[in-house]
Each structure stands twice: as C-alpha cells, then as structure tokens.
C-alpha cells in the first residue's frame, strides 16, 4: 500500500493515537502491529489534507475502528479534551495563524516552498497560498477584526511562504508546538519563545513581535446553549474531520455552541495554554475570537471550550525608555529615596566620627540621635552580632525560629514551583504519595511553632514587667508600641509590591505579579489595620496573602493581657480563665470541622476533595483567630510556667525526662507522617470522620505541646545535644532576619516563577537545589531590608519612647542599662515590656515570624 503525494504528516495526532493504546493497556489479540501503526498514520495524513472527503482514504477510514476503545476513556480528563483540540489547532491549517505557522514548520526541513505547494493536495501554489492567508479569521465570525491586524498577518504569511524572510522565520519558531509530555507527564502548557518573539521586527519596522498566551477552559454545555449543526461547515472544515474521527460522529455532528471567550483572572495561568507570536497590531481580542471560532463551537463529552486571551498576557518589547509613573509610584519612590539618603548620610557621619574618635552618647542632640538611627554601620553590627548580652537561657528559640522560617520557605517554594510551573505534573503527584514528602506537605504546622513562641514571649515578658512595676503598666502604650514596631517595614514592603514591583521584569506569566500589585493597591488598609484575615478569600484581590498570620498574631496579642494579668494577680482565677478559653477555642475547632466536614489538613495530593473545600477551609478555619488560638494559649501557659520556675532549678527524674522526649517525638512524627495512608485519593476515596475529627481539630495544639516541652527541657538543662544545636550562636543573626524573610519571600517566589520563560521539569533534587538558592537569596534581601529599613525604625521607636521608659524606671541614661541585660533575646527596651520584646542586639521582632499560606 502506498500513500503517494497526498501525504501530509500530522505527527502530533499520530503520537496521540499510539499513546492511547499504550496508556490504556487495551486488550488485543496481538499488540498493535507495524501495519496497524501504518494505517493510523495513513488515516491522519488523509484526514489532515482531504477536507470534506473522508471517503478518499478507505484504508484510513477502516482503521478508525481500532481507536473506538480508547476515545471515550480519554475524555474523562477535561484537560485532555483541551489538549487534543490544541493538537488539532497545531496540526491543521485551520482558522488561526497557528495553523499557518505549524504548516510551514513541518516543511522547512523537507523541501522547498514551491515543491511543498505543488505536493499539497495537488493544488497550485497560489491556491494554497490564498487558503493560508484567509485562514487566520473565521469567515462566519461576526467579530470586526482590526484591519491593520489582518494586513499585517497577510504580510507575515507572504514573507514566510514566498520570501522566507529571517524575521518571519524567527516569528514562526517563537510560537508553541504541541507540548511535550501531554499523555505521559500530564503537561497541558505549550510555551513558545518569549524573548525571541519580542525581538522580532518586520521589514521596515511595520510591526513588532507580540507574545500572547491563550488559555482554554472546559465548560459544561447546557441544552439551552446548543445550536443546530451547519452541514456546510462539516464539508469544509479540516479541523472538523479530524475531531469527528477522533471522538466519533455522534459526539460532534449533532450540536454546536456559540464560541465563547473570557478574560483572565488570578487562576487562569493554571489552565491549558498555548503561546503564540503574532503581529503587535493584533489585539488579544482579535486572537481570542480567531481561536474561539476554530475550537469553541464543538461539543465534546458535554463540554465546550472557552477561549481566554487577555491583554495582560500579551507582551511586546518596550522601545520607549520613558515610563509613566502614577502618583502612588512616585510617593513610594520618594519614600525609598528619602530612606536611602538618610542611610547614606548617617553611615558617612558615623564613619567620620569613628575616624575622629568621637563616640556617640546620650548627650548628643536630637538631630544627631535621629540620624544615627539610620547608620548602616551601627545597624549592621547589631544585626550580624554573634554576641548575646547577659544570660542566654532562652537561646534555643533562635534555632527554632530559624528552622521554622526555612520550613515555611520550603513549603512555599514547593507550592509555587510545582503549581502550573512544571511540564511533568504527574510526577509531582506521584511523589506527593511518598511518605517522605509529608515533611513538606505538612509544613503548615511551622505557623503553630510561631504562635507558640509568640504567646510564650508575651506571657513571659509581661509577667516580668508586672513583677517589676508591682502590677502597673500602660495598656494603651503596650498596643501602640507593638503597632509601631511591626508596621513601618511592613508598610515599606507592601508599598513596593503595590507600585514598583511590576516594573522589575516581565515574562509570560507576569500577570501574576500584576494581580499581586493591584491587590495591594486595593486592600492595603486591611493590612495596616491587621484585619485582612477577617475578609472572605478573593483570589483576584490578594495582597501579601501570607500576612494573615500577622493579623491573627496581632489579634491574639490584643487579648493576651486580659489572660496574663489574671494569672499574675489571681493565680487560680487566671488558670481557670485560661482553661475555659482554651477549651472554648478547641470546641470552635471541633465545631468547624463537624459543620464543614473538612479534611484533616491541607492535602494537595487529594485534589478533588481540596478543590471543593479549599476556599471554605481558608475562610472558616485556617486564618481565623478563634481556630488558631490553641497554640498561642499553650505558649501563654508555657511562658507563665517558665516565669514561675525561673529562680529555681526544675528537678525532673530521668525516666520522666525520657518519657517526655519519647512522647514529644512520637507526637511530632504522628502529626507530620500520620496521614500517609490517606494521601492517595484513588486508593482511599474518603477519609473516616473519626480521623477528621481527631487529627484536624487537635493536631496543631498537639504540635505546640510537643514543642513546648522541647523549649522547657532546653531551658532547664534537659535538652542535651538538641539544646546545644538549637542554641548555636550562628543562628542568632539569622533569627533576627526572620521577620523580613517572612515579609519578602512569598512575593519573591511570585516574581521568580513569573520571570520563567519556559516550564520547568520537576525533579526532587532540582527543586531542593532551587529551595536552597531561594533561601540564601531571601535571607540576603532580608539583611538589606533589615539594616536599611527595619532596624532604623526600631531605633527611632526606642528613641521616641526613651523618655517614657526613663520615667517609668525612675532614672535616666542610655538605653542599654544593666537591668536590661537579663534574658537578652527576650528583653524589652530597658526591661520594659512595651518595647515589644526587642533587645538592643535583636532588631528583629522575635515573636513575629514567617508562616505558610496555602
């Protein structure tokens, strides 16, 4: 059997059909033979070239029977439906410019353009050329395409087919091909060459290359939305022939729908996509209507395809260096410029005084003292110092804080890195089934480590302050000082995200950065009032989404004195009140889990379950203070206990110590790895309610209890090598940077992955290497922000409240008085709790840290 000159290979669809047999493991008397493969290949060659004449290839038509066993099984995957349609778009010279490009690409390495034109359908080259030129826009479309766009597309086709212009070839190769790993790896994203497309300049600079990403969303078809099939379309549409043969005439012949297009939102980037290089004169709307006319009218397995193209996903090179900045942009630039100038002046002034041998003292005037607050030399010494004044009995918190922050960055790196950024998502899912990956998946409990430490520090220091002042302290100043401590660096970073972050780069998915920036422009006031966690989750309006933790911590901080003061004044009453509040918050957890039937925790491997509940989970459980309070309350209790026994050695028998360490380790291991039997949703479709109602409401409190024992044991000499490791002085400067790392890292990850030109191939080692690189980078950025922004405002905070502290202590002098040297990393300014637990050597707030946003 010979094919002759009518062959036009369609490799993408050949691979689809053969892969279909292999993937489904269909039962045949014998494996598909070479002859079978040849018939499939022949069928697709004919289908791709004999528009409206399926009878012209009887051998090909007869081979359709061998595909019927797999066609509907594959349709269970909605994304696969879209991908097959993309294969049609790429493989046929259909009604989009992509058809023109792929048609040319397949032949560039085979024959000259004239010979190709003669061989294709045995038609004259001018007829073929005419069909190619009119194929961009559907003739039955009511959309008014831009005339300039049409002219430029035709000029592009002329230059490509007849002249083989260099710029046209570059434009051709910059558009996507069928994505690799569609069936084996689950990749539904076909990316082109971003920078190469933007570099294209047509003859006489008529237009530039424009890189656009088109997305495709399956949508159920209602009966009311169906329209009668137009028989004439069946006889003229090459794409229809292939779709009909792939999916069966009964699926495609009966009905049609009106093509639909949509605009992009914050989650669009996760949909199947196609990257195209088109003339800059064509708008996203032009492209969307063109693509929709090709694939949007078919109904496949009761699904139609909505085409999504948005100007935010279309990019051209900016040749004009002048950029128009808005008022907020200018305000943020002015603020950053003023801070930078103060840092430079203060650093130069301190260098001059050091050269002259003049020391700073309390007798310096106010202007010198304020300027000195911004000195990079002074602040750098404090941030990077390995020295810790006074006793260091709580130094184990440095290590816990550092590793908890790294755990947060690890979880977010995996979350951002594998969510629609990899070409082999099936491997990601398979790896998520392994028990070792539970270490990353359950990184959310790192947040509870910070809640525990925050409650512990508030309790410990406030009780110490109450002892010193005999029960007197300024509650209003307590809150104001906290607000002023946290907000300045928070505001500077938020301002940068809202304004200038969008100018630092570009990429195919830069719309994700734009969404983050626009969200901060809209909701900034929620952040600064620390109430952003109380609003429903809106994926299209998100600003530093991870800062829900700061809001919850601030809200719990507000109620903390109402629980701590009774513990100091009336011990029994305070303990009863603590018990009642703790039980009430645990009851709230049980009630939320019972009402909403939540999974035990966030389980990415159980996608079907999580997709249904993730927003409800976030809004009603994950970010609410009444459900996240138990670890914080355990921290308050631990701080009270440490305060009660601080003057004496805690004596515990060796067997109780061993039992406590064993139980703590067992609890921690069960929390991290206990859900391993349930990670595979296929093997375990549902999780028993008993598991949900025990693990879910209790695992965070249990984690806090296990960590509380670790802290108590390390402080009182029962920590052994664990205490020596966690108390290593090298963790001290790193722990000072954790607040800035927390504020920076998530949006840095957003920028990092939005800058990617291509999808990445996931492997555990590659992702782990990326994590280490990102961790080093964000700690480096945090050092700069801490020295230039965070530490100066901490110094100003101290300077402003110095007079108040001196009056409260009944003395004057420098802020590093002798009494402030006890419990160094927890001490407040001059021992005053209103300094929000800052020692002179610790400019980072020790109880404000990173968290997971999932």
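Note: Cβ is positioned from N, Cα and C throughout, glycine not excepted.
Taken straight from TrEMBL:
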- 146-316: domain 'Nose resistant-to-fluoxetine protein N-terminal' (DOMAIN)
- 439-463: transmembrane segment (TRANSMEM)
- 483-504: transmembrane segment (TRANSMEM)
- 548-568: transmembrane segment (TRANSMEM)
- 575-596: transmembrane segment (TRANSMEM)
- 625-643: transmembrane segment (TRANSMEM)
- 655-675: transmembrane segment (TRANSMEM)
- 701-719: transmembrane segment (TRANSMEM)
- 731-749: transmembrane segment (TRANSMEM)
- 769-794: transmembrane segment (TRANSMEM)
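Counting Cβ pairs under 8 Å to the transmembrane segment (625-643), the stretch among 439-463, 548-568, 655-675, 701-719, 731-749 with the most such contacts is 439-463. If you average pLDDT over the domain 'Nose resistant-to-fluoxetine protein N-terminal' (146-316) in this model, you get 78. Annotation: stretch 769-794 has the most Cβ pairs under 8 Å to the transmembrane segment (483-504), among 439-463, 655-675, 731-749, 769-794. The listed stretches are 439-463, 655-675, 701-719, 731-749; of these, 439-463 has the most Cβ pairs under 8 Å to the transmembrane segment (548-568).
Same-chain residues lying 6+ beyond the ends of the transmembrane segment (769-794) with a Cβ under 8 Å from its Cβ atoms: 339-340, 342-343, 373-374, 376, 379-380, 382-383, 406, 409-410, 413-414, 417, 484-485, 488-489, 492-493, 734, 736-741, 743-745, 748-749, 752, 838, 843-844.
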